[in-house]
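Worksheet for the structure shown next.
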Amino acid sequence: MLDDQLKRPLRDLRISVTDRCNFRCQYCMPKEIFGPDYPFLSKKHLLTFEEIERLTRIFVNLGVQKVRITGGEPLLRRDIHKLVQMLHGIEGLHDIAISTNGVLLPKYADSLKKAGLHRVSVSLDSLDNQRFGQINGQGAKVNSVLAGIEAAEKAGLKVKINMVVQKGINEQDIVPMAKYFKETSHILRFIEYMDVGNVNGWNKSQVISKKEILDRLNKEFPLEPVAPNYPGEVASRFMYKGTTKEIGIISSVTDTFCSTCTRARLSAEGRLFTCLFATKGTDLRKPLRLGATDSEIQKVVKNVWERRTDRYSEERQKLLKNVPKDGRKKVEMSYIGG
Ligand code: SAM
Ligand code: SF4
Ligand code: SF4
């Protein structure tokens, strides 16, 4: 078993397959910055599916059991189902999931399921068309995401819904979202707004804490906590009292979970990051394209993981107080994937 400096094993790999997106969520890719002239990665810089498969095999050899395909918007990557199919063939990989904004699911859910995808997490921040259109920066309609969720369900995929909660932006949607998804078979999870990247101008005062979310929910429908499904599960789980219907909260700001963080991240151009809030990554594309053997690449990954000490969320207060003069350039969420 491969452990880092804080005795955390390598278990999960998040693979970003594109830095592009058909949304411009203001907390992730504000359109003032990600405009028509933004220098997105060009095709030759992206890892090919064959390169991703090869790296994934190496990660699985080192202990990875679960993979999440993300982005940007992963369903924009042409023939993404073919990547799923290739990953599905890797022995020892037990779980393949995709994070998506959902609008392309009506087109791709069936082929993804057939290719071996197990689960999708669909992001939806409001059921109000006007607020949702503003949040996604493109005026996209709630129904376009609900249609994606329905298509995924029909295709036989397990579906979870993720809602990022921001004070003054969509806090009024907490209870309506819970009410709506309580009547479906999907688990809704609220995500505390995080200071990922540099472009969203994050401020702690914009965060609605796990406690506040719980208080608001409990007023409408009493909840009871339930144990995690497995050690290191990111979301705290709750059940609506007297039912088996689950709801979750991901509280990276006010109730941190670094001590059980087993996630590595691979950017679309093949850089390995060991924390969502990292400033630097390790280039794996270069050795891949220079003809390194699997065992040479495995050694690089092993070294990176064994030296890992990341616990940004636990140190957030201290780090935010001591930002170096030249800034602390964290990677953007759209680059590294959520
Ligand atoms: N485009 C896909 C989507 O939206 O699901 C996948 C990539 S997106 C970066 C992954 C997740 O990160 C989404 O659920 C999104 O809402 C979340 N996210 C992005 N920026 C965030 C932030 N600053 N704080 C919390 N969650 C964020
Ligand atoms: Fe795109 Fe997802 Fe970021 Fe929204 S959160 S801009 S959908 S990558
Ligand atoms: Fe993992 Fe970094 Fe998030 Fe902590 S802050 S849980 S180490 S990704």
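Cβ coordinates come from backbone N, Cα and C, glycine included.
Among the candidates Lys158, Lys160, Lys329, the one that TrEMBL lists alongside Arg14, Arg68, Ser99, Arg263, Ala264, Arg265 as binding GTP is Lys160. From the candidate list Tyr27, Tyr230, the residue TrEMBL records in the S-adenosyl-L-methionine site shared with Gly72, Ser123, Met194 is Tyr27. For the domain 'Radical SAM core' (5-224), the model's pLDDT averages out at 97. Residues from the binding-site residues list (Cys25, Met194, Cys258, Cys261, Ala264, Cys275) with a C-beta closer than 6 Å to any atom of ligand 3: Cys258, Cys261, Cys275. Checked against Ala264 (GTP binding site) by C-alpha proximity, the binding-site residues Cys25, Gly72, Ser123, Cys258, Cys275 yield Cys275 as the nearest.
By the rule that a residue counts when its Cβ sits under 6 Å from some atom of ligand 2, the binding-site residues Arg14, Cys21, Cys25, Cys28, Gly72 yield Cys21, Cys25, Cys28, Gly72.
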